[in-house]
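Residues or ranges marked as active site by Swiss-Prot: His83, Asp132. The feature Ca(2+) binding site is assigned by Swiss-Prot to Gly65, Gly67, Asp84, with similarity to another entry given as support. Under the heading disulfide bond, Swiss-Prot lists Cys62-Cys156, Cys64-Cys80, Cys79-Cys138, Cys86-Cys131, Cys115-Cys129. Annotation comment: Swiss-Prot describes 1-19 as signal peptide.
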Amino acid sequence: MQLYTYFFTFSLVLILALADQENKSLDFTQEGGIAKRGAFQFSYLIKKYTGRNPLDYWGYGCWCGLGGKGTPVDGVDWCCYHHDMCFNSITQGPRPTCSKNAPYHKNYYFSGLKCSTGWLTSKCGRAICACDIAAVKCFMRNHFNNKYQNYKKNIC
């Protein structure tokens, strides 16, 4: 399963990089619509509401991107920390809301910065959506500091 997660993450990064390189839109979904994969929805929300390329957050500080350790370096990094902890809370424990890999492929509905509570959205989808929306709102409140991009994780 870990290999699947790395492969999917690499594929997502490659797709986003190619879309940015060719100045194509990252709008994988329409507002209020549904994307092919949950990770695309998170990327869409980041782009739409922060104006930044989602890849800007990849490797930012100690917690953004794959894995995470140490103390977050600033507000944006704290957003990533809380996003990771949010996913942990819905995928771990005696009765998890979602399977371990669901946050990377489970679809959800949203409108603006609100998750849909309609019958088409599962309990897991709503939980993932809530984690993603909270992270995007956090990104919007915090200053993105370029010096923490591609941060050396070994000093975390």
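Glycine is no exception: its Cβ is also placed from the backbone N, Cα and C atoms.
Sequence features annotated in Swiss-Prot and their locations in the structure.
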residue: Cys62; record: disulfide bond; Cβ contacts under 8 Å, 6 or more apart: Gly68, Lys69, Gly70, Thr71, Pro72, Val73, Asp77, Tyr81, Tyr151, Lys153, Cys156
residue: Cys64; record: disulfide bond; Cβ contacts under 8 Å, 6 or more apart: Tyr57, Trp58, Val76, Asp77, Cys80
residue: Gly65; record: Ca(2+) binding site; Cβ contacts under 8 Å, 6 or more apart: Tyr57, Trp58, Gly59, Cys80
residue: Gly67; record: Ca(2+) binding site; Cβ contacts under 8 Å, 6 or more apart: Lys153
residue: Asp84; record: Ca(2+) binding site; Cβ contacts under 8 Å, 6 or more apart: Trp63, Gly68
residue: Cys86; record: disulfide bond; Cβ contacts under 8 Å, 6 or more apart: Ala130, Cys131, Ala134, Ala135
residue: Cys115; record: disulfide bond; Cβ contacts under 8 Å, 6 or more apart: Tyr108, Tyr109, Thr121, Arg126, Cys129, Ala130, Ile133
residue: Cys138; record: disulfide bond; Cβ contacts under 8 Å, 6 or more apart: Gly75, Val76, Trp78, Cys79, His82, His83
(request) Run through the Cβ atoms and count how many others sit within 10 Å of the one on Cys79 (disulfide bond). (result) 25
(request) Using the recorded Ca(2+) site (Gly65, Gly67, Asp84) as reference, state which further residues of the same chain have their Cβ within 8 Å of the centre of those residues' Cβ atoms, listed in sequence order. (result) Trp63, Cys64, Leu66, Gly68, Cys80
(message) Suppose we draw a 10 Å sphere around the Cβ of Asp132 (active site). How many other Cβ atoms does it contain, all chains included?
(response) 26
(request) Have a look at the disulfide-bonded residues (Cys129, Cys131, Cys156) and report the one with the fewest Cβ neighbours inside 10 Å. (result) Cys156
